[in-house]
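Quick notes on the structure that follows.
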Amino acid sequence: MTTPTTDTPTVNAAEDLETDGPRWIGSALQPVLAIIAALLLGGVLIAATDERVMRATGYFFSRPTDTFAAAWRAASSAYEAMFYGAVFNPSGDTFTRQIYPLTETLTVATPLIFAGLGVAIAFRAGLFNIGAQGQILIGATLAAYVGFAWSMPLPLHLLLVIVAGVIGGGIWGGFVGLLKARTGAHEVIVTIMLNYIAANLLAYLLTRPAFLREGSTNPLSPPVAETAQFPLLLGPPFRLHWGFLLAIAATVFMWWVLNRSTIGFEIRAVGSNPRAAKTAGINVTKGFVVVMVMAGGFAGLAGVAQISGTEGSLSAGVAASFGFDAITVALLGRSTPLGTFLAGLLYGGFRAGAVTMQTMTGTNVDIVLVVQSLIVLFIALPPLFSAARRKRSSGAKGAAPSPSASAEGATSDGTSADAADTAQEGTGAEGPASTTPGGTKEARA
Amino acid sequence: MSTATQTPAPGHGTQGEAHEGAEHVDPAALPASARRAPLGFGVLALVSLIVFAFNGPDQSVTFRISGDGDLFQVPNVVVPGLVTGWVITIALAALTVFAFLRVRSGRLTPTWSVVLYGALFVAGFLVWVVGSANNPSVSLTGLLAGGVALAVPLVFGSLSGLMCERSGVVNIAIEGQLLFGAFSAAIAGSVSGSAWVGLLAAMIGAALVSLVLAVFSITYRVNQMIVGVVLNVLVSGLTGFLFATLLESDAGRFNSPPRLPSFAIPVLSELPLVGRILFDQSIVGYFMWLAIPIVWFAVYRTRWGLRTRAIGEHPKAADTLGINVNRMRFVNVLLGGLIAGIGGSFYTLVSVTSFTRDMTSGAGYIALAALIFGRWNPIGAFLAALLFGVASNLQSVLSFLGTSMPSQFLAMLPYVITILAVAGLVGASRGPASAGQPYVKE
């Protein structure tokens, strides 16, 4: 990028910070601190809107302890309920009931992981893929169509459904890469627009007889065939299906692509510094297309997980808000395969637990959105961590507002170091930093 | 549409915009997007040929202009559907050839031809879509007035985006600003009992969203787009949570704001066509008519505007000349928030008087689209927002007329157009050069 941000002293200071002490402490500490801070703030919000707390504040000055006790009770009982709903239910009378929440978390996490990988791999090439939502929708549409319109024996049918989902998402994502490569159109704008186009396209298809149940005008497709569904992993009471194993496989696949394949090296090089990559003979435009096809393919798998895993038929709400949650998943996971997987599990737990929380304590599920976005903001917020950093590098002064971009969740893990060596960017901003129109300008020039 | 052609094209003769006014250059030196413009023209002309001309409606199309209460009556415009389709197709083809010749001689496609092309295409589309309906008659005034009403929050959102992007900060958080503005207006208006307090609260609320955007993206240099997207999620979650816990539980106290006044200006509002559009508005609507020229003047004719464009294009140069880049960006982002807040108040103080979850439903993203399609120019953004507003108004109008055109395709229109615009297929659409990049003083 041609930014006037080449700020050598700061970069050096930052590198000192990074290398001072074991690397993983810094990279693991930030997300953990951010999660704790976000949960705390979410707790404050829960407590502040709790009725008993409000009543206690009415006589705050005569007995302030009541307010604090009520606030603690409100927040802790909400989070307790969330834990029961997401991990382990101690009041269940059978073992099945007790561990049901955990399997539910894994089930909900499955599409989140897929879509999160789709956002993460694009980040690694410096592209900000906000279009996971649209890619899920198109992937789900194609997968569902193959699922209900064709009839075939089990392994083949399911396989074709998966392929259809990948193709659908891949086309929708690849189009973005193509436009970016050929015309310099900014991927953020294009993906936002494609999300809406996909939603409207699906809404239209759900008015056509070919996508509706016979004799019905309900915007709901016929159920996909048994042979097109993921078998259950643990048997009936649990919804957990083989899609989860596919999510693990996809995570490993992304790790392999990024760290062991040529195209992965190119993706990381393009993401770190498109100009340097171009100078080194890497075809940047091809890189954009390939990575967006892959990103869309991952997101399309999220659509498959919905269609063949939990939903069983196509409706307008089939993607829920997974495509947008995926952005926060990838950011929390710092765009690494393992990180994204773990972040997907965490947010899957939030989603699964939130339902129990709302029924048990009446706390609205939207608190999850607040906590989710706060986590991402806190990860990016340098003051939260500058204290910890300063302790580790007493010599490097003035680094407080320094390359916050390294905290912005892109690629600051050790694995990207090799690509970054050749292509260290001014602000130390790997990954998403090059999603700025700077790259666009070059593509057009 | 004629307003645009009469307005001095903002690019010409203004500092910092030299690229738009550049004439007589080598064809190869033209930006790639400019060379693609004739291609986009050609594609759309082909669409026009196939759809408007070959599949043109056989019946005549009536556009009603005057209402019953108007000062004087203007006769209805009745056009033959098929002939109009052919005439417009030929005109579009001629413009395509013109654009092609211009580019071949190394000159940019002039703005007026893009606007004229767009107007002709929209007219052709209207004639075609109304002509294909069972009842081919539509009130042009109603269509436009409804479109303007729907465009009001979009325009404010676009102007907010313009304030930010012109100074080099990409504002994806328009959606969050509108939503939080609407939410703040509902609460403050209900508790205080005054719509004006609600309007003020909307501006402050949206500016708070701006503040977070500014602190993160300017002070801490976090990627602006990431902050914007995350802010939208945060606002959606926060307002959804507070709506469920506070507003719904005691709607009378927290969620029943009074309405901002709407009034018609006597006599003027009875003029045919323009009367209802310009002079029969809500307060927020009148603010919109004020805001567009004010922002235009501020951006292109004041020292502040010159500096704003300078830090958006080349912050280093501006810094060298003594402009405090980051402070100016910070202030402009906050100003943008105040403007977006006015648009947000439209939802809860004008169109309905209660807040509902995610009630802006993506308007912020359409506002962003309008900003891009309008080429980062207040008047362009307004015209784009108006186009999008009319398109969504047309959806409901057409369902009355009984047409086979699926409403989903009309709903898609703004987004398709925006993609064409950012791909450079409808003329060069190039934003401020440094938008998206944090500035670090050396």
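Glycine too: its Cβ is placed from the backbone N, Cα and C atoms.
TrEMBL annotations: computationally assigned, not manually curated.
The compositional bias 'Low complexity' annotation in TrEMBL covers A:395-423.
The region 'Disordered' feature in TrEMBL is assigned to A:393-445.
If you look at the transmembrane segment (A:28-49), the same-chain residues 6 or more away from its ends with a CB under 8 A from one of its CBs are 70-72, 74-76, 78-79, 332, 334, 339, 343, 346, 363, 367, 370-372, 374-376, 378-379, 381, 384-385, 388, 407. Here TrEMBL flags A:28-49 (among others) as transmembrane segment.
Within the chain carrying the transmembrane segment (A:70-88), a Cβ under 8 angstroms from the stretch's Cβ atoms is held by residues 39, 43-44, 46-48, 50, 52-53, 55-56, 98-99, 101-102, 104-105, 349-350, 352-357, 360-361, 363, 367, all 6 or more beyond its ends. Residues or ranges marked as transmembrane segment in TrEMBL: A:70-88 (among others).
Below 8 angstroms of C-beta separation, residues 135-136, 169, 173, 177, 180, 187, 241, 243-244, 246-247, 250-251, 254, 257-258, 267-268, 270-272, 274, 287-288, 291-292, 294-299, 301-303, 305-306, 309, 322-323, 325-327, 329-330, 333, 335-337, 339-341, 343-345, 347-349, 351-352, 410-411, 416, 431-435, 439 of the same chain, each at least six residues beyond the ends of the transmembrane segment (A:108-127), sit close to that stretch. Per TrEMBL, the feature transmembrane segment maps to A:108-127 (among others).
Residues annotated as transmembrane segment in TrEMBL: A:134-152 (among others).
The feature transmembrane segment is assigned by TrEMBL to A:158-179 (among others).
The transmembrane segment feature in TrEMBL is assigned to A:188-206 (among others). Counting same-chain residues at least six beyond the ends of the transmembrane segment (A:188-206), those with a Cβ under 8 angstroms from any Cβ of the stretch are 128-131, 133-135, 137-138, 141, 172, 175-176, 179-180, 212, 219-221, 314-316, 318, 323, 435.
The transmembrane segment annotation in TrEMBL covers A:240-258 (among others).
Sequence-distant neighbours of the transmembrane segment (A:288-308) (same chain, 6+ residues past either end, Cβ-Cβ under 8 Å): 110-112, 114-115, 117-119, 121-122, 124-125, 127, 129, 131-132, 135-144, 147, 158, 161-162, 164-178, 180-181, 187, 224, 228-230, 241, 243, 246-247, 250, 254, 257, 263, 267, 270, 314, 318-320, 322-323, 326. What TrEMBL records for A:288-308 (among others) is transmembrane segment.
What TrEMBL records for A:314-333 (among others) is transmembrane segment.
The feature transmembrane segment is assigned by TrEMBL to A:340-361 (among others). Panel annotation: around the transmembrane segment (A:340-361), residues 31, 35, 74, 77-79, 81-87, 101, 104-110, 112-113, 116-117, 120, 247-248, 251, 254, 325, 328-330, 332-333, 367-368, 371-372 of the same chain, lying at least six beyond its termini, place a Cβ under 8 Å from a Cβ of the stretch.
What TrEMBL lists as transmembrane segment is A:367-388 (among others).
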Field: Chain residues outside the transmembrane segment (A:240-258) and at least six past its termini with a C-beta under 8 angstroms from it
entry: 103-104, 106-107, 109-110, 113-114, 117, 120-121, 124, 162, 229-234, 264, 267-268, 294, 298, 301, 304-305, 308-310, 337-338, 340-341, 344, 415
